[in-house]
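*Asks:* Have a look at this one before I ask anything.
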């Protein structure tokens, strides 16, 4: 009975925080379902692999924090992250030992990380942070080890550590773009080493060239090759249509099994009389759409609404017509005439027979943009229905390809450009996305479109496989999407400010003494600065877990500088026994302080009982030292 109760209890553990994101993404890999995330794929792939190898079947929905795992086998994914998180301690220990040659400094660093409640918390859940920090610290340790082999260049150990540095850099970059900071750290260290070698007059230029080539191969070529290989595996595994399709281009979507564009045959080039859909290239920009509903009174001209709609719909269909002719181009007796870059066209809405139209009435939501409407009867309107179609990077007379050509529509009468603002219309607009005509000619994804569906019975169809984007194009597109969407991230929960990250008073105090440890402290201080200062330039929302890579360097700096400070103080004492007592007492005092801090705050990592800390009766209430803290 006790065993049964224990098993039942084991099944009740809930999902925590961002496990709902990264656990779900691990499931997507197991199910081969395409998704989108603002981070590179390695971390999620490793989580999915850990789950697969440990018997997880990818069926848990990961809908919201607090959902219980029940019978689902999540232990392998959490255990994998916990293992990588535990590796931070020996990595930091070995790094400090190599830099300072001081066993007490290395042990103190390890002690700090072992009893850090933040590291314990981050490492016990399905998150990217322990994976990122594993590769980051692996790169730093490998770099330091390689530096220690400087007196025996091109030896087996030298090549091993140099290559492992490159592998670790690829790993850090492959988990999060924050890995760029450790790339910069290794890069600056490499530049310093090469400059030092260049100034060595006993070294021939041939030997210097070998050093340069070795670093290019191991620290540039190898990481880039591994980084691109990660994405190749990512796209090969995720070959089924999923929730991430809409963030990518139509050409990319056509390669996903289950997508409505997969294995479809359409005419390759646009012609007059073709029935098409137009997709905006902005993230979640939607399809050019119209319906019978009019703009309400007081919202520009009371004409038919034109919006952007995120789903497939018959109201997304438009007919391409000549601006100055009503010839029935669907008549088989009429010759096919292709649409060319620079042509002036009309777009007639198939369901309502009204033309795409703009004028100098203000748009519903976006000030100083013009309203876009549907106007006319049975295709008959006025000169405000004329649009010049232009293909990005093409010249006059070039044909327009379905899916691949990126086009802009310039309103002939006003010179404005058709675009999707990304703003959601009120209920009168069915909460669809606003379409405007912007007089500002800056080229952005908001003002670019591509043709997705294409119907013309007079033209031969081709398989969309002919238009398949290359791996280089997919790789570039994925990075553009990650960067663009990542900069827009917001979150409903409270976030942190950069100054709040600096409340680790002991580490800061030690950081001021880094000058006494010369290059060892200098390298670690540089690592801390490179992982902290760039966040001042980031426009996205920030949280405390973003500081943890910098905190690793801060912890190592504490070990090095505390050791140096105590040695400096002990040096003024003449009896060796007194000096040893001061040195040992100083270490013991800091260790006891760390242990007491861990004792106070360990419930944050291992589970709290009772009411929330904001309640005066909570056992955690006395530990809420600042109003900004939330337990």
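Cβ atoms here come from the backbone N, Cα and C positions, even for glycine.
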*Asks:* Of the ranges 23-56, 159-192, which one does TrEMBL flag as transmembrane segment?
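*Replies:* Going through 23-56, 159-192 one by one, TrEMBL gives transmembrane segment for 159-192.
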*Asks:* With TrEMBL as the source, identify the stretch among 477-497, 582-602 annotated transmembrane segment.
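*Replies:* From TrEMBL, the annotated transmembrane segment range turns out to be 582-602.
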*Asks:* So which range, 131-157, 212-238, gets flagged transmembrane segment in TrEMBL?
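*Replies:* Feature transmembrane segment in TrEMBL: residues 212-238.
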*Asks:* Mind checking how the domain 'MIR' (267-323) divides into helix, strand and coil residues in DSSP?
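*Replies:* Helix/strand/coil tally for the domain 'MIR' (267-323): 3 helix, 28 strand, 26 coil.
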*Asks:* List, by number or range, the same-chain residues at least 6 past the transmembrane segment (212-238) whose CB is under 8 A from its CB atoms?
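*Replies:* Answer is 28-29, 32-35, 40-42, 45, 154, 159, 162-163, 165-167, 169-171, 173-174, 183, 186-187, 190, 194, 471, 474-475, 478.
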*Asks:* Could you please provide the mean pLDDT value for the domain 'MIR' (336-392)?
*Replies:* 93
*Asks:* Just give the helix, strand and coil counts over the domain 'MIR' (397-454), going by DSSP.
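*Replies:* Its residues divide into 6 helix, 27 strand, 25 coil.
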